[in-house]
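Student: Encoded as structure tokens, here's the structure I'll be asking about.
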Amino acid sequence: MATLLLLPGDGIGPEVCAQVRRVAAALTPDLKVDEALYGGASYDTHGTPLTDEVREQALASDAVLMGAVGGPKWADAPRHLRPEAGLLNLRKAMDVFANLRPAYCFEALAGASSLKPELVSGLDIMFVRELVGGVYFGQPRGIEDLADGQKKGFDTQVYTTSEIERVGRVAFELARGRTNKVHSAEKSNVMESGLLWKQVITELHAREYPDVQLEHILADNCAMQLVRAPKQFDVIVTDNLFGDILSDAAAMLTGSLGMLPSAALGAPGKPGLYEPIHGSAPDIAGKGLANPLAAILSFEMALRWSLKQTEAADALLAAVKAALDNGARTRDLGGSLTTTQMGDAVLAAL
């Protein structure tokens, strides 16, 4: 029996994960769904955002789905014990190096985008973000006192050939099943790591994926083009920092952060890590206002990529589209449905 580990986390996480549990029970009754504390909720109970037991439970599962993590309540906790540290440590432990962050616009929501509907209608971009390297993990890092009384903050951006190659392969393989086009975004004009990134992707393309169209683009120009003409893109592969920024920018083209899922994948046969890209939204937590669709669509990605239940994934994606076509809207989409009522709409469509 396949196992899904739910880590609801903080803020609105438990509310949106409750809807995932309802959908899983209806769509995949044979799926074993476990649940554990994580993030700030774990810190409050166990003094750490990620216990050894939960880490081992995650590694033994077929897929892990998180709700949300963090909030101002834990802002004064030591950095290594903040909820977000639990997320980084779990990613590292699972070695999920490729972050898939789709930015697609459902036809029913084209009018909710910050851009004109004709620019985003039919939008379907897949970001492939390197997830366990780069400036978020590079050493040395820190804040030092200087002799003149000032302080110096520093981080280190580091990438190796193998780290770039493995995420590049994910992007090229995905492109073969889509429109056969990859953009690689970096800053090779000013960063040595960006120069290496461009070289490695170029060599990998020539050696293993000459059938895929490859274009290199500077990350700042990529940000501009996402606003100017986003439908020129299909698969965008980039590093940890730029992937974080660019995929968030693209998310708003779709109408709401509450709509977008993500997947973090490692080696074949290893569990994937799935989560909505929205935050914990502590200002609306417990009020029934959160949009659960990003979490539900994260479950759809888990069905597709880790649990290998493609038909169930297709049915769930169609149900979400049908619910939106029928006018189901939470507050972030200009409607009035509660979190549970949006879950009801998806279940009715199923």
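Positions of Cβ are set from backbone N, Cα and C atoms, glycine also.
The annotation NAD(+) binding site is assigned in Swiss-Prot to 71-84, 279-291. Annotation comment: Swiss-Prot describes Arg91, Arg101, Arg129, Asp220 as substrate binding site, evidence class sequence analysis. Look at Swiss-Prot and you will find Asp220, Asp244, Asp248 tagged as Mg(2+) binding site, backed by sequence analysis. The site 'Important for catalysis' feature in Swiss-Prot is assigned to Tyr136, Lys187.
In the displayed structure, how are the listed features positioned relative to their neighbours?
Tutor: If you take the C-beta of Ala75 (NAD(+) binding site) and look for same-chain residues 6 or more apart in sequence within under 8 angstroms, you find Arg82.
The number of other Cβ atoms within 10 Å of the Cβ belonging to Asp220 (substrate binding site), over all protein chains shown, comes to 14.
For Asp248 (Mg(2+) binding site), other Cβ atoms within 10 Å of its Cβ number 15.
Remark: Tyr136 (site 'Important for catalysis') has Leu88, Asn240, Leu241 as non-local neighbours, by Cβ distance under 8 Å and separation of at least 6 in sequence.
There are 21 other CB atoms within 10 A of the CB of Lys187 (site 'Important for catalysis'), with all protein chains counted.
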Student: Distance check, please: Cα of Arg79 (NAD(+) binding site) against Cα of Arg91 (substrate binding site), rounded to an integer number of angstrom.
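Tutor: If we compare the Cα positions of Arg79 (NAD(+) binding site) and Arg91 (substrate binding site), the gap is 17 Å.
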Student: For a quick check of understanding: among the binding-site residues Ala281, Ala285, Leu289, which residue's Cβ has the most other Cβ atoms within 10 Å?
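Tutor: Compared across Ala281, Ala285, Leu289, the most Cβ atoms within 10 Å surround Ala281.
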Student: DSSP secondary structure for Asp244 (Mg(2+) binding site), reduced to helix/strand/coil, please.
Tutor: helix
Student: I need the CA-to-CA distance for Leu289 (NAD(+) binding site) versus Asp220 (substrate binding site), whole Å please.
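Tutor: One finds 34 Å between the Cα atoms of these residues.
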Student: Run through the Cβ atoms and count how many others sit within 10 Å of the one on Arg79 (NAD(+) binding site).
Tutor: 7
Student: Setting Asp220, Asp244, Asp248 aside, what same-chain residues sit with their Cβ within 8 Å of the center of the Cβ atoms that define the Mg(2+) site, listed in sequence order?
Tutor: Ala219, Ala223, Leu241, Phe242, Gly243, Ile245, Leu246, Ser247, Ala249
